[in-house]
Amino acid sequence: MNYSSKESLQVKHVGVWLYSNSLMGTFLSLCFRLQYKQPSVVSGRTDVATVTPWLAPVVWEGTFEPELLDGVYRQKNVSIAVTVFAVGKYIRFLKDFLETAEQHFFVGFKVHVYVFTDRPAELPKVEMAAGRQLTVHPVPAAKRWQEISARRMEMIQRLIEETLLPGTDFIFCLDVDSKFHGRWGAESLGSLVAVVHPGYYKTERGGFPYERRPASRAYMAPGLGDFYYCGGAFGGDLHEVRLLAKTCRENFEADAKEGIEAAWQEESHLNRYMWLNKPSKVLSPEFLWQDFKPREREIHVVRFSGVVKNYAEIRPN
């Protein structure tokens with residue numbers, strides 16, 4: 001995209017093309033690093049925006065130094081929790097998820113995967129490296145896939161409050177019907193971390209599938225919004241994610257009492273929350289691509305992606 005220098009100072013899109021002048025994005029990214037002494041973003045991309053309007057890094061391949069970051073966080077001996085929901089027929093995706101996570105997700109770090117499933121007897125056997133472990137949390141079966149979606153925030157909140165605090169540093173909440181293809185590591189760490197939805201990262205703000213009914217607590221009025229974030233991958237510091245999960249759960253339950261179900265369930269509530277509480281780090285669509293989509297030229301690496309599947313066959317309704 002080529003705009004005039006005057007236009008380059010304006011927000012043309014609210015997807016990842018926020019600043020058409022990459023020099024402006026690089027300058028703001030440098031200011032962020034100097035202010036917070038965070039070595040996660042380096043000047044290396046001129047084709048995409050590497051900073052948000054509120055000065056949070058947007059992480060792409062070529063915008064960070066893997067060895068430097070890993071060294072910093074390994075010295076801190078950080079631990080990472082992961083939640084994944086393998087309910088009903090979604091259990092079939094768990095083996096690929098776990099095996100590819102062993103190859104690419106925070107390799108060399110302490111990682112604890114928490115699997116929520118109604119089919120614990122079907123748990124696949126996956127050998128995990130030293131310092132990595134898996135815990136199963138049995139959950140009731142669901143008659144509607146929306147019920148699974150609705151319960152996730154409640155279970156994440158409870159896990160943090162009852163099990164993870166204190167002792168765990170970060171948590172990521174990921175969809176099971178996905179697999180890793182490339183490095184996902186310390187570059188993704190932050191206090192509140194969101195992932196730009198691969199289906200809407202070049203879409204104008206008016207085209208985002210926000211909840212548009214004012215009666216819902218997930219409501220986003222026309223003209224509002226930054227990015228459209230996916231519900232299949234988010235995370236951050238335990239305290240921040242706990243607050244996100246608690247708020248989304250309470251709003252979801254309040255809507256339900258009034259007979260309202262947001263357009264995209266917890267994803268709609270997550271987007272409302274992220275609008276009001278800006279994430280400290282935004283991960284590019286590299287961190288949750290879609291296998292049915294051809295790779296765009298700015299996607300140099302696919303790190304994690306949703307697999308192709310037949311929803312009519314795997315969902316209970």
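Residue numbers in this text run from 1 along the chain shown.
Cβ atoms here come from the backbone N, Cα and C positions, even for glycine.
TrEMBL annotations: computationally assigned, not manually curated.
Note that this is a predicted model, so its numbers are computed, not measured.
Going by TrEMBL, these are the annotated features:
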{"type": "ACT_SITE", "residues": "Glu267", "note": "active site, nucleophile"}
{"type": "BINDING", "residues": "Phe85, Ala86, Val87, Tyr90, Asp175, Val176, Asp177", "note": "UDP-N-acetyl-alpha-D-galactosamine binding site"}
{"type": "BINDING", "residues": "Asp175, Asp177", "note": "Mn(2+) binding site"}
Measuring Cα to Cα, how far is Val176 (UDP-N-acetyl-alpha-D-galactosamine binding site) from Glu267 (active site, nucleophile) in Å?
16
Can you tell me how many other Cβ atoms are located within 10 Å of the Cβ belonging to Val176 (UDP-N-acetyl-alpha-D-galactosamine binding site)?
23
Taking 10 A as the limit, how many CB atoms besides its own sit near the CB of Phe85 (UDP-N-acetyl-alpha-D-galactosamine binding site)?
26
Could you round the CA separation between Asp177 (UDP-N-acetyl-alpha-D-galactosamine binding site) and Glu267 (active site, nucleophile) to a whole angstrom and send it over?
16
If you count Cβ atoms within 10 Å of the Cβ of Asp177 (UDP-N-acetyl-alpha-D-galactosamine binding site), leaving out that atom itself, what do you get?
22
Which whole-number value in Å describes the distance between the Cα atoms of the residue listed as 'active site, nucleophile' and Asp175 (UDP-N-acetyl-alpha-D-galactosamine binding site)?
12
Within 10 Å of each Cβ, count the other Cβ atoms, then let me know which of the recorded positions Asp175, Glu267 comes out lowest.
Asp175
